[in-house]
Structure formats: C-alpha cells, structure tokens
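K.L.:
Sharing a structure here in structure tokens format.
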Amino acid sequence: MDTLDELLPREKMLRSGIASLSDVELLALFLRTGTPGKDVMTLAKEILQHFGSLYGLLSADFAQFRGVNGIGLAKFAQLKGIAELARRYYSVRMNEESALLSPEMTREFLQSQLTGEEREIFLVIFLDVQHRVLQHSRLFSGTLNHVEVHPREIVREAIKLNASAVILAHNHPSGCAEPSKADKLITERVIKCCQFMDIRVLDHLIIGRGEYVSFAERGWI
C-alpha cells in the first residue's frame, strides 16, 4: 500500500503537472519508498543535501552512494537508470525530430550526452543544408583534462555524410566550462579546415557541471 509521503508528490504531479514538483519531491517520486525509520521524503531530502544537487547525485558513482544511509544497490541502479533514460530520450528526440529546433534543445541534448563523463569527450553534430541532423558522433575521447582532436577526421566524416554544417562540443570533467587557450586554438583549426570544403562550424559548446559556454553566443564564431 502506498504511504502518505509517497502519495503527496504523485498527487501534486497529477494535479499541477510534473514541472510543479521540487527536486526533493521529484526524487521521492522515483525512489518510491524510504528506509526503516525514514520516510521517502526525508530520505530524498538527505540524499540531495549530501550530493548538493541533482547533477551531483546523478553523476555520482557507487562508491559515493555507499556513503549515504539508505542507498543500496537497488536505489543506485534506479537513479543511474534515470540518468540513462534522459540521455537516450534526447538522443532519440534528436534523431526523430530531425532538425535542431532551438539553441536550447541543442544545449539540452549535449548536456544529456556529456554530463557526468569522467574523461573529456569530443562530440560532433553533423547537419545538412537545412540544418537537419544527419548524425551525432563521439569522435574523440581523452583524459581528465585533455582530448586530442584531429580536424581532418571531422571534415572526412562530414564529407562522407554530405554535411554542410557541424556543431562541435566537448565536456570539462572538472566542472568549469570556461574554455582554455587550447580549446580556442582547436576551434580555429577546425573552422579553417572546414572552410576549405565549404562546411560551416555553427558553434562549439563546452559542457561543465551545471553550466556551459557557447562560442557562438560569445561572438567567437
């Protein structure tokens, strides 16, 4: 039987919509049950306080979860499943909707793909002449603070797909999204390499912990 604490977030969602739930209520809705002597709302509040935010929670590994009372393997699996569902949702949405509808959608997709990665990943979205998504690929992976990017490989893949434009993105596992000098230099190299084949670089987004930097928004592209 559902407890009162379990029903409260559910009834609020049905009455006012899922967006009306606080982070604690949303987490409680997914956890469903508390632990002996601790209701689910209290457990959800303590978990969020421990990790600082939903981002910190969903990007944590099992070793970090084990330090929280009430979080076992089952609840860890539930929460990691939520993060993976979000990642797959945005991936499918990009493929099915075919076009980048807005900068916000692009950012949300890239955050879903790159947030929580422990190494730097360089991802490229390939677009046709109408800016419809042809493919998105993780072309390069690196270390905690560096990824080797080869502009010619980006151009080669774009030509193979008959792409007329690309959006570049990579993550900073450190959490700070501010671009380094190396980030700016590689962006310039990719732009120059693409220009030879009449391929436009629309943006380069750097994804940090709960933040991002868009080269286009800053007027660098």
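Each position is counted from 1, following the chain as shown.
Every residue, even glycine, has its Cβ placed from backbone N, Cα and C.
Feature table excerpt (Swiss-Prot):
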DOMAIN    99-221  domain 'MPN'
BINDING   His170, His172, Asp183  Zn(2+) binding site
MOTIF     170-183  motif 'JAMM motif'
K.L.:
Check His170 (Zn(2+) binding site) against DSSP and tell me helix, strand or coil, would you?
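P.N.:
Assignment for His170 (Zn(2+) binding site) reads strand.
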K.L.:
So, in DSSP terms, is Asp183 (Zn(2+) binding site) helix, strand, or coil?
P.N.:
helix
K.L.:
Which residues, given as numbers and ranges, are at least 6 beyond the ends of the motif 'JAMM motif' (170-183) yet have a Cβ under 8 Å from it?
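P.N.:
Sequence-remote neighbours of the motif 'JAMM motif' (170-183) are 114-115, 117-123, 144-147, 149, 204, 206-213, 215.
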K.L.:
Any idea which of the binding-site residues His170, His172 has the thinnest Cβ neighbourhood at 10 Å?
P.N.:
His172
K.L.:
Could you give me three numbers for the domain 'MPN' (99-221), the DSSP helix, strand and coil residue counts?
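P.N.:
The counts are 38 helix, 36 strand, 49 coil.
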K.L.:
Given the Zn(2+) site residues His170, His172, Asp183, which other residues of that chain have a Cβ within 8 Å of the mean position of their Cβ atoms, reported in sequence order?
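P.N.:
For the Zn(2+) site, the extra neighbours are Glu120, Val147, Asn171, Ala177, Pro179, Ser180, Ile206, Ile207.
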K.L.:
Cβ distance under 8 Å to Asp183 (Zn(2+) binding site), same chain, sequence separation 6 or more: which residues?
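P.N.:
Looking at Cβ-Cβ distances below 8 Å from Asp183 (Zn(2+) binding site), excluding near sequence neighbours, one finds His170, His204, Ile206.
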K.L.:
What average pLDDT does the predicted model assign to the motif 'JAMM motif' (170-183)?
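P.N.:
Mean pLDDT across the motif 'JAMM motif' (170-183) comes out at 95.
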